[in-house]
Amino acid sequence: MAATVSHRRSRAGSGRLIGRPVGAVPTALLLIGAIYCLFPVVWVLIAATKSPGELFSTATLSFGTGFLDNVAELFAYRDGVFWLWAGNTLLYAGGGALLSTAVSAVSGYALAKYRFRGRDAIFNLLIGGILVPAVVLAIPQYLLFSKIGLADSYWAVLLPQILHPYSIYLARIYAAAAIPDSLLEAGRIDGAGEWRLMSRVAMPLMVPGMVTIFLFQFVAIWNNFLLPFIMLGDDGKFPLTVGLYTLLAAGANQPALYNLILTGAFLSIVPLIALFLTMQRYWRTDLSSGAVK
Amino acid sequence: MRANRLGAALAVALTATLASCGSGEPAQSPEAATGRPASSAAQGPVKLTYWTWAPNMDKIVKVWNEAHPDIQVTVSKQAGGDDAAAKFLTAAKAGNPPDLVQAEYQHLPSFIAADAVADLKAETAAIKGEFSEGLWRLVTLGTDAVYGVPQDSGPMMLFYRKDLFDKYGIAVPKTWQEYGDAARAVRKKDPKVYLGTFSSKDPGAFTGLAQQAGAQWWSISGDSWKVAIADEPTRKVADYWGALVKEGAIDDMPYFTPEWNKALNDGKLLTWPSAVWAPGVLSSNAPKAKGKWAVAPLPQWNAGESYSGFWGGSSTAVSAKTPNKAAAARFATWLNTDPAAIDLLVKEAAIYPAATKAQSALGQAPDYFSNQPDFWQQAAAVSAGARGFTFGPNVGVTYNAFKDGFDKALQNGTPFADAVQGMQDATVADMRKSGFTIAS
């Protein structure tokens, strides 16, 4: 036992020694990737601090002096319509992600742990669904929702995003890996019904996977533009993405509201960052370790 | 604890949403309501929805709603541009379009072709005289029908840096010939500075310049369309700009880009042939140059002429599917011809009105052009000589062909006339595919 431990240690030690120069390349690549992803965010942050006069006349990466004015102006724009849009976005993203997570978790659990006729057919259909981009479906969905009289309603944006094939796929994979069959068997022997098994045994084990799905869906709906753009006619139901776009394409008659758009874009990513930071702690993958002895 | 805080934030946001939803309902004023006839009171007021992107339109509509309790209009502010046209067409196809829609002149024919807008001939018979013949043609397409009420227009003018013209000793060009000479002169005086630029991303600007030269891209005779995008005036305009770009006398950066903004701010770009709405763009994109710009009529193709073209402008159209066509037409008429309404349009929505009388009534110059007190008089004079043409049912295709063709022409240095021919071919092919009859 001691031999293996020391063996491991020495391997780890030598690996680190040899790994140093080799590790520099992946680190550099990751750094480049991080810069590539973060630079636009930094740009938005910096641009949001510039007053309209500074926006196109000062250096790209130098902070401006107008952040608070921009924020005040944005909140005053059309009697605070920004808050209405922010509330709508929260409703679409929060409600949609919650419902979608619930549907995905239950379906994924059922697909992973039960054998029934047509299971593989359903699963293959879902895999096929992953391959169809949501963008392609937006207009057919709009025509369908118009037919049943739901276009231009909150449901028009919420419903299409609840069933998300990729999330179900993810939930199935996660359920298969995280819920040991023997645990379910033990539950059955102890006399638990299927509903109790799912709600008390399976779902708690799936929480990390559900958090992942929730975050994915939340971000996807938060950033979704095309579906609400097509579905909604009433600007009181717009989410932030579509709402801010009306500021951008407001015709050429009045001065463009670049500073408001940038500030709005910046403020609208703050909740996403906050969400990721607070939800991170749920990302513990080995919840089930120790459940089965 | 954290979860609680999140929950509280969620609750606050949701209440805010609900509260603002409630306040978004059109306010009914009881005083006004009592004055309305008993018959309409029984049915309740007619409710109209109106898609527009003009700023502050809700404030203007509020004035109408207070004066007309029996016709209540709700504004839904949309994003403008080509996307707005596509969205309206989709909504019309799905059967739930708004009752009223802001329609850019170039998109109106596609609405007509899709049977999405109503003929307002009877409702607008009395207001025809309020608009110039050129603008009226844009909403009739030269037919007997009337598909919208003109709202704003964008006659083109030449905007130039007066201070730098003085510095380099250049006179304001009266003809395009002089404009070309001035472009070369500027390059000699300062190689870092250009007189102007040709944008391959803005088909609207090129269309306006072609209109000035007398182009007639589309026309209808009976049931068939005639397409003449590669007509002689258009080729003349294309060749002229192509030659200037090729010899390096003017730049080839597109408008409305950060580098363009920077060039305007830094005084590296001395002119912009643009429309009457340019002060709005300049004041936001080149705030540093306030008070340094001036305006003149577009250079002419022949000395002594005074022609211009249109870049932009829109009308108010009534959806073909609305159950309240008469009420919608009344509102559209009021909005674009009533003096009080036009006054609001100018002040609140910052448009250049289409109605002729209102154009000459404009007083104080835009703030950015405070050094040019006769700004609106100049605009009205230019507007009188502006000529448009009938737009076709697939302007989107034509405009995309413009961008593709001229991008390539700039990149490869091929003649601009080829790009024009490409626009013609793409447009005709698309119209044939959609089932239009093309007269040759």
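Keep in mind that glycine also has a Cβ here, set from the backbone N, Cα and C atoms.
What you see is a predicted model, and the numbers here were worked out from it, not measured in a lab.
What TrEMBL lists as transmembrane segment is A:21-46 (among others). Counting same-chain residues at least six beyond the ends of the transmembrane segment (A:21-46), those with a Cβ under 8 angstroms from any Cβ of the stretch are 60-64, 262, 265-266, 269.
The annotation domain 'ABC transmembrane type-1' is assigned in TrEMBL to A:86-279.
A Cβ distance under 8 Å defines the sequence-distant neighbours of the transmembrane segment (A:90-111), meaning residues of its chain 6+ beyond its ends; these are 119, 122-123, 154, 157-158, 161-164, 167-175, 179, 198, 202-203, 206, 209-210, 213-215, 217-219, 221-222, 224, 228, 239, 271. The transmembrane segment annotation in TrEMBL covers A:90-111 (among others).
TrEMBL lists A:123-143 (among others) with the feature transmembrane segment.
As annotated by TrEMBL, transmembrane segment applies to A:201-222 (among others).
Per TrEMBL, transmembrane segment is recorded for A:256-277 (among others). Residues 41, 44-45, 47-48, 50-52, 55, 66-67, 70-71, 73-74, 77, 82, 86, 89-90, 215, 218-219, 222, 240-241, 243-244, 247-248, 250 of the same chain lie 6+ residues outside the transmembrane segment (A:256-277) yet bring a C-beta within less than 8 angstroms of a C-beta in it.
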